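Written out below as structure tokens is the structure these notes cover.
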Amino acid sequence: MKKSLLSAVMLSSIALTAVGSPIAAAADDFDSQIQQQDKKIADLQNQQASAQSQIEALEGQVSAINTKAQDLLTKQDTLRKESAQLKQEIKDLQERIEKREATIQKQARETQVKNTSSNYIDAVLNADSLADAVGRIQAMSTIVKANQDLVQQQKEDKQAVEAKKAENEAKQKELADNQAALESQKGDLLAKQADLNVLKTSLAAEQATAEDKKADLNRKKAEAEAEQARIREQARLAEQARQQAAQEKAEKEAREQAAAQAAQTQALSSASTTTESSSAAQSSSEESKAPESSTTEESTSTESSTTTENSSTGSSSTESSSTEESTVPESSTQESTPANTESSSSSSNTNVNNNTNNSTNNSTNNSTTNNNNNNNTVTPAPTPTPTPAPAPAPNPSGSVNGAAIVAEAYKYIGTPYVWGGKDPSGFDCSGFTRYVYLQVTGRDIGGWTVPQESAGTKISVSQAKAGDLLFWGSAGGTYHVAISLGGGQYIHAPQPGENVKVGSVQWYTPDFAVSM
């Protein structure tokens with residue numbers, strides 16, 4: 001009996017042990033998975049905290065840039081005051097110069113009529129005594145020295161004013177360059193912050209467990225990625241604008257160099273022709289005194305030389321005309337060739353005029369031929385086919401209602417300037433233009449000046465119409481932007497301490513415009 005009971009107890013123990021071991025193993029496995037998940041969540045939280053720290057560091061850099069910008073703008077304000085003071089000094093100096101101008105001119109005329117040495121002699125000879133003579137000489141010396149000092153002082157004052165103006169302009173250019181660099185740096189920081197926002201939302205999406213929260217985070221991630229892509233596209237367009245500006249500058253320098261070389265070649269050719277013509281004329285005059293046979297031979301030689309020179313002159317004139325039509329203005333290339341004799345001048349002018357007339361006639365004939373060919377081309381009229389009335393199409397991309405843009409911009413007259421501001425609580429120049437276009441068209445033209453250069457077609461300031469953008473600075477390195485009102489006016493957020501207002505190109509002239 002006891003043995004049977006003992007066997008039953010042992011059998012039960014074995015059975016319980018067999019069942020409990022898998023349960024314990026499963027519990028241990030769950031604990032391990034929970035620990036792993038906790039570790040993963042902790043790692044994600046650490047990564048998210050690190051990303052947040054980087055974002056905060058970048059925000060600190062943006063704040064530092066804001067401070068630097070404020071310092072630069074304060075310096076600009078100081079420079080404007082110094083410039084105003086300098087203008088007043090120049091005005092006062094000019095008034096003093098005008099008051100003394102009559103006296104200086106009178107003394108200059110007297111000095112030309114009577115030289116100083118004779119005046120001194122007259123003073124001595126007409127003196128009543130030796131003391132009188134000495135007094136007169138001293139008085140004349142004092143007057144002459146005073147006049148010389150006066151002229152010298154005026155000269156020194158003018159030089160000092162010019163030096164101050166040059167220094168002031170250099171400082172203003174330096175500040176403009178610094179502002180352009182700040183705009184570029186602001187764009188880089190925005191791009192980095194967008195990248196970090198993508199990282200942060202990605203980590204948050206991995207950490208989220210609830211589907212609704214995860215979906216919301218994924219949406220934010222998609223928005224951040226879209227913002228990242230937009231800023232990268234803006235950076236690409238900005239780089240493209242910089243490269244295009246550099247290419248245009250290189251092409252302009254090449255054209256100017258070619259024009260300078262052409263002008264130099266023409267000048268050398270004209271000088272050579274003048275020298276040879278003068279030598280030929282002088283030689284003919286001297287040889288006319290020789291015997292008849294010698295005169296005949298030398299005259300023949302002179303005529304041949306003159307004919308060759310005139311041909312060279314005509315060729316040079318033709319080349320100069322061709323160069324003028326392609327690259328160089330007329331005023332910078334045309335030079336008159338002086339002649340020492342009537343015959344050489346008449347011959348040269350005749351050849352030049354003939355070449356010019358021939359070139360003009362050829363151009364006219366070609367133009368007439370082209371016009372005739374164009375007029376002879378007849379395009380058959382297409383057969384009209386009835387079509388249903390189309391539905392009104394939206395404005396194409398790049399076509400903007402200028403009146404609507406201007407009306408929206410006028411709503412924010414008086415809004416204070418805030419560097420980096422992008423809403424009606426405060427605008428900077430590019431934030432103002434971006435906000436206005438976003439409200440009217442729903443289009444984001446970029447958060448700083450350089451991407452906004454690529455928002456349309458580059459045109460001259462005189463071609464700008466209402467609603468177009470006006471830029472200050474070179475393409476790819478602009479530092480200010482405004483909205484054109486037409487008629488030489490624009491609306492912009494100017495600088496700290498001022499509000500959104502209307503300005504005029506007469507007082508603050510932009511460098512180029514972009515047609516929207």
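Just so you know, glycine gets a Cβ as well, placed from its N, Cα and C.
According to Swiss-Prot, the features are:
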{"type": "SIGNAL", "residues": "1-27", "note": "signal peptide"}
{"type": "REGION", "residues": "208-397", "note": "region 'Disordered'"}
{"type": "COMPBIAS", "residues": "210-236", "note": "compositional bias 'Basic and acidic residues'"}
{"type": "DOMAIN", "residues": "399-516", "note": "domain 'NlpC/P60'"}
{"type": "ACT_SITE", "residues": "Cys429", "note": "active site, nucleophile"}
{"type": "ACT_SITE", "residues": "His480", "note": "active site, proton acceptor"}
{"type": "ACT_SITE", "residues": "His492", "note": "active site"}
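Here the features listed in Swiss-Prot are placed on the structure.
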residue: Cys429; record: active site, nucleophile; DSSP class: helix
residue: His480; record: active site, proton acceptor; DSSP class: strand
residue: His492; record: active site; DSSP class: strand
By a 10 Å Cβ neighbour count, the lowest-scoring of the active-site residues His480, His492 is His480
Compute the average pLDDT of the predicted model within the domain 'NlpC/P60' (399-516). 93
Can you count helix, strand and coil residues in the domain 'NlpC/P60' (399-516) using DSSP? 30 helix, 33 strand, 55 coil
To the nearest Å, how far is the Cα of Cys429 (active site, nucleophile) from the Cα of the residue listed as 'active site'? 6
Cα separation, His480 (active site, proton acceptor) to His492 (active site) (Å, whole number): 9
